[in-house]
Amino acid sequence: MASSCVRQLGTNVLRRIASYSAIVGGTQQLGKRSFSAAKSGDSMMEAQEHATGLEKAEKDGAARGVNIFTEGEAWLQAPFGTPEKPVVVTSSFSERIVGVTDPEDDSIVVWDFIRQGEPPKQIIENGEYFVLKKIDNPEDHFVPHSWP
Amino acid sequence: MSGSTLQRHPFHLVDPSPWPIFGSLSALCTTIGAVMWMHSYVNGGFMFAFGFAGLLYTMAVWWRDIVKEATYEGHHTVAVQTGLRWGMILFIVSEIMFFFAFFWAFFHPSIAPGIDLGGIWPPKGIEVLSPWEVPLLNTLILLLSGASVTWAHHAILCGEKQQTVYALGVTIILAIIFTGLQGLEYVEAPFSISDGVYGCTFFLATGFHGFHVFVGTVFLTVCLFRQSFGHFTPSHHFGFEAAAWYWHFVDVVWLFLFVSIYWWGGQ
């Protein structure tokens, strides 16, 4: 596991350097934005159409009356993990370390392994149930998962 | 936008960059080269120039990357902007500390002039510049430039693109006129930096101020280009605000210089 960890880390680092070089070298398309004195015309763009990326998401959320960093996102309001509907922990490996904070004191974290093939598992008493789901594509970490 | 691939916090964790180490090595090369140059070591001047060029290049590419991250990649959320605001404020405070030292250096001998100065200030033999000629004109020029940069800000807030460009242009032209006039004063001054403590404090204080005017002028010029490229919006234009704050700081330092060194110090 350590060697595949190192390999994954290495791949991530190389990917970062490659993307950085592409940005610096100007070969990577950063969306479809382009600015020039000729293109921007006589008027200044409004903030909503000008924003991109995380800033745009923040502004869109604010327009809906939601602070996207503290509320309004599905993962922040995810249902409590039960034995029937546990929290699905995605992993590229066959196990993953999960930490649960003590409900009484959130400076205390209790850690445990969640392993592939095991039934939904509680880490602390009266805590949420977790189950591992092995994924192949790193992008799948961000796709909402539910226990079948 | 589902936000599924977005980070869950509003802060900007920057990508790895070569510019900090590159800038550090350039600074090392600059300082060693400067010392070598001053002590007539072979290739000292070349080493200094090489390092200095590296520093200028670092500034250009580092700030270029910040513009890319902000305008083109959208990393500058409200939280990030707040951090940048505090950063700029604290930087300007550190610059105030810097000038405080030079004002202290001026007031120390001028409040209690020693026997070696003739017990008077300005010291015996120093022919001071009249504050009511070019220095007063420069004061008015900088004050007017402070007004024009405020005009530029209001124009941005109203979404008036072309007017912002005009106002920034006026500010920059005034800054260049100030610098030119100060240059003429320097050339024509009847005393030099080596003329005792008067010449030393005069040229160090006004000289460092002039350097800050140059920096501020470059900053405003960059803002002018960014504005004409459409980088700024009425609600998000912190780069411009930072430049305007810096410019007002430069103006205030000049007012202190004028009152203390030119006016009070010339009597």
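Using the three backbone atoms N, Cα and C, a Cβ is placed for every residue, glycine included.
Now, the feature entries from TrEMBL:
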DOMAIN    B:7-266  domain 'Heme-copper oxidase subunit III family profile'
TRANSMEM  B:45-63  transmembrane segment
TRANSMEM  B:84-107  transmembrane segment
TRANSMEM  B:134-152  transmembrane segment
TRANSMEM  B:164-184  transmembrane segment
TRANSMEM  B:196-225  transmembrane segment
TRANSMEM  B:245-265  transmembrane segment
For the transmembrane segment (B:245-265), the distant same-chain contacts (Cβ-Cβ under 8 Å, at least six residues beyond its ends) come to 88-89, 92, 95-96, 99, 103, 106-107, 110, 121-122, 128-129, 131, 135-136, 138-139, 142-143, 145-146, 149, 171, 201-202, 205-206, 209, 212-213, 215-216, 219-220
Ranking B:134-152, B:164-184, B:196-225 by Cβ pairs under 8 Å to the transmembrane segment (B:84-107) puts first B:196-225
Averaging pLDDT over all residues of the domain 'Heme-copper oxidase subunit III family profile' (B:7-266) gives 97
